[in-house]
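As written in TrEMBL, here are the features:
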ACT_SITE  97  active site, for sulfotransferase activity
BINDING   97, 98, 99, 100, 101, 180, 188, 290, 306, 307, 308, 309, 310  3'-phosphoadenylyl sulfate binding site
DISULFID  291-301  disulfide bond
DOMAIN    88-332  domain 'Sulfotransferase'
TRANSMEM  12-29  transmembrane segment
């Protein structure tokens, strides 16, 4: 009798265990299709064609799989998904070392946004530009018709020919500029170049020697890292082609410490429904940066090269640069309507 009871108990435990394993496997399988089962979300935007258009949320497969990377896509895969390659309707044009990669990756959290994976350098590179607009379109990722494609090439902001070239492509395009405190940005720019030199076992001047002219003891405006940080000079060239309303200024310093409010401002500027939430952003203590959470399965952090330690700079040179940038900063605030607490 005892043997039969034990056998019956083992049989019940086996059945319960099988049910539990089956439930776990079902949940795992369901996670992969969770986004696909979401209802389509309406977009009220200037990017939509007339009528009650709707945007399907991207599935996890589209986010990470072969459909998102142009090189692995076949016509058979594209056709049933109604995917197309679209010219950007918004471009992050700068600035270098302002946080352009972080901004692009964070905007890619939005279901209506699809990003170009690499910097295309179409408008600032004469050889690429000569290849024509269809070559440029061919560099764009596949997307649904009602999603918007965004690319970023920070060299656009400081290259003289770019504003006119982009204007000829699309005079109503949305332009995003992400800025940091100008002296900090210049040092970050220097640090990136320095790291590249060190990898090649090459020597490089100290920042102070590059940023200040040793003959005049004045700020060296011929040094590219300094020149790039004179934001208003570059912006004035863009304003010859585009009204200020087509620009949105992103606070790169705040994007590091408190990204969500900045991203919500960009959503509003792009006329997108608010979809990015605090759930999508979590602080990684080890990295010292916010990382991205697409869903309970897929998360990512920015490359390890982000957040390089800056070399110590002579405080007198820092003060000299801050004083030099101050009048340019004031004009930048006046033009853009956005004020920063820069020294």
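If you go along the chain as it appears here, the first residue is 1 and each next one adds 1.
For all residues, glycine too, the Cβ spot is worked out from N, Cα and C.
All TrEMBL annotations are machine predictions without curation.
This view paints the features noted in TrEMBL onto the structure.
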{"residue": "97", "record": "active site, for sulfotransferase activity", "contacts (Cβ under 8 Å, 6+ apart)": "154, 180, 185, 188, 189, 192"}
{"residue": "99", "record": "3'-phosphoadenylyl sulfate binding site", "contacts (Cβ under 8 Å, 6+ apart)": "178, 180, 250, 252, 255, 256"}
{"residue": "291", "record": "disulfide bond", "contacts (Cβ under 8 Å, 6+ apart)": "281, 282, 283, 284, 299, 300, 301, 302"}
{"residue": "308", "record": "3'-phosphoadenylyl sulfate binding site", "contacts (Cβ under 8 Å, 6+ apart)": "188, 191, 192, 195"}
{"residue": "310", "record": "3'-phosphoadenylyl sulfate binding site", "contacts (Cβ under 8 Å, 6+ apart)": "187, 188, 191"}
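Of all Cβ atoms in the protein chains displayed, 15 besides its own lie within 10 Å of the Cβ of residue 301 (disulfide bond).
Its own atom aside, the Cβ of residue 188 (3'-phosphoadenylyl sulfate binding site) has 19 Cβ atoms within 10 angstroms in the protein chains shown. Its own atom aside, the Cβ of residue 101 (3'-phosphoadenylyl sulfate binding site) has 18 Cβ atoms within 10 angstroms in the protein chains shown. On the 0 to 100 pLDDT scale, the domain 'Sulfotransferase' (88-332) averages 95 in the predicted structure.
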